[in-house]
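Here's the structure we're looking at; comments come further down.
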Amino acid sequence: MASKTEDVVALGEGDARGHIVDFDGPGDPEMAINWAPRRKWLNVLVLAAMTFISALGSSIAAPGVNQAIVDFDSTDQVLSSLIVSVYNVGLAIGPLIVAPMSEMYGRLLPYHVTNVLFTLFTAGCALSPNLPALIVFRMLAGMEASAVLTVGGATVADLFVQEERGRAMAIWTFGPLMGPAVGPAVGGYLTEAMGWRWVFWLVTIAAGVFTVIFFLVVRETYPPVLLQRKVDRLRRETGNPHLTSAMADTSSRRSRLTRSIRRPLVMLFRSPIVFLFSLFIAVVFSYQFLLFVTIPSVFGGTYGFSVGETGLAYLGIATGLLLGNAVFGHLADRLLTGKAKLAGVTELKPEYRLPLMIPAAFCIPACFFIYGWTTHYALHWIIPIFATSLLGLGLNMSLMTIQVYLVDAYTLYAASALAAATVLRSIFGAFLPLAGPPLYEALGLGWGNSTLGFIAIGLIPVPLLFIRYGEAIRTNPRYQLTL
């Protein structure tokens, strides 16, 4: 173990700051990336569980929307869709706050604050006296849910080296992908059995329990915060108040806050990689929510499904997500190291993971062509449900590949890169589903879904572009952002 003096790297005699403190090399046990595997995986599993609950809240209300509308004496179909999609408005706003906070004060503080508020606002949904109150509480709950959904990927980056990151991301991403997919199945039967308010009570209880577990288990992982704690400890032990962190930002708090808040938007609009990948996943993610708000009318009207049976129709998406999770978890890290070995290099380039997106990109338009025309002609219900599994497969493999790519490419600012992607996908997820009922009414299920399929075909060149030119764009001085 290093001594106290070995922890400190002395500067020149005339330096006003005294001494600079850094980690004791890449193997320093105080760095989260060097924690024992059991400790790292325990943090990831609890984080994944809380992420699952937060994501579950996005769609679990969908089957109970009609019952809630009746209770509130409303017939507005746009408002009924808004009950589901307004959660994504919150998910679009929240990252612009929590991602900068996580890069200024560490991961843990935003997690604890937002977990508590998420639990309280979800309880507010259950107690809502009218439709406007329900919509407002849904948006506020979505804002708080954004913390684990946005910062979670950055925590994984803090804990795992690049060649181990794919499997860890697959575990964490299980939550934000599976939560929305299984939510309607749970919500459908719970609404039938106990009413729509109990859907929110279930999420409140689960969130409350895991908020406590989160507080007891999850620890700070952000390197600058861990290093500052080391500085504080050494100041006490050595009596030297002039010790300074090697990662310290000497600018004013206001300047740091302004820069941190701007960072996700700067990355979104000035980096072609962040923008195009964010756009890709925003479209695909919004397609999932479009299905969420239209499946009840399609399977209830065309196939005569009950509320509970309609909830089970969402399990096609869930099956595809599970398959995609298994494939990505098995192949992502192997592909990364295998391509590096094949190229005869030691550098693990983020682009080496991108080939996984190619089959995923083809699954998405295939889903909508099959789903659209089989429901149009009312073919057996198992066929459109199978088609939705293709969306789940494509969404999972695309989202996980993009998230790991952004983390690998922007490690220190991974939270901001993921926040940029989350903002755009949440905006699309909030508003594009509102176009679902008018689209189907104007074009029918066949051509309406085919339109979505044609748009998805236009996204296929995106991964091909970055497989070929990603490194050149990423390292081009023109796109080196001042963050």
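If you go along the chain as it appears here, the first residue is 1 and each next one adds 1.
Heads up, the Cβ atoms here are built off N, Cα and C, so glycines get one too.
TrEMBL annotations: computationally assigned, not manually curated.
Remember, it's a predicted structure, so these values are computed and weren't measured experimentally.
Feature list (source: TrEMBL):
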type	residues	note
DOMAIN	43-476	domain 'Major facilitator superfamily (MFS) profile'
TRANSMEM	41-62	transmembrane segment
TRANSMEM	82-101	transmembrane segment
TRANSMEM	108-129	transmembrane segment
TRANSMEM	135-161	transmembrane segment
TRANSMEM	168-186	transmembrane segment
TRANSMEM	198-218	transmembrane segment
TRANSMEM	273-299	transmembrane segment
TRANSMEM	311-331	transmembrane segment
TRANSMEM	352-373	transmembrane segment
TRANSMEM	379-399	transmembrane segment
TRANSMEM	411-432	transmembrane segment
TRANSMEM	452-470	transmembrane segment
Interface present between the transmembrane segment (379-399) and the transmembrane segment (198-218) (three or more C-beta pairs under 8 A): no
Tertiary contacts of the transmembrane segment (168-186), as residues 6+ beyond its ends and Cβ separation under 8 Å: 40, 44-45, 47-63, 148-149, 152-153, 155-156, 159-160, 199, 202, 288-289, 292, 295, 310-315, 317-318, 321-322, 324-325, 328-329, 332, 392, 395-396, 399-400, 403-404, 407
Feature contact check the transmembrane segment (352-373) with the transmembrane segment (41-62), CB under 8 Å, 3 or more pairs: no
Stretch of maximal Cβ-Cβ contact with the transmembrane segment (411-432) [cut-off: under 8 Å; candidates 82-101, 135-161, 311-331, 452-470]: 82-101
The transmembrane segment (135-161) touching the transmembrane segment (379-399) per 3+ Cβ pairs under 8 Å rule: no
Beyond the flanks of the transmembrane segment (273-299) by at least 6 residues, Cβ under 8 Å: 58-59, 62-63, 65-66, 81, 84-85, 88, 180-181, 184, 267, 305, 307, 309-310, 313-314, 317, 364, 368, 375, 381, 384, 388, 391-392, 394-395, 398-399, 402, 405-406, 409, 417, 420-421, 423-425, 427-429, 431-437, 440, 445, 452, 455-456, 459, 462-463, 465-466, 470, 473-474, 479
For the domain 'Major facilitator superfamily (MFS) profile' (43-476), mean pLDDT (0 to 100): 88
Beyond the flanks of the transmembrane segment (352-373) by at least 6 residues, Cβ under 8 Å: 166, 284, 287, 320, 324, 327-328, 331-332, 335-336, 339-340, 383-384, 386-388, 390-391, 393-398, 401-402, 404-405, 408, 445-450, 452-454, 456-457, 459-460, 462-464, 466-467, 470
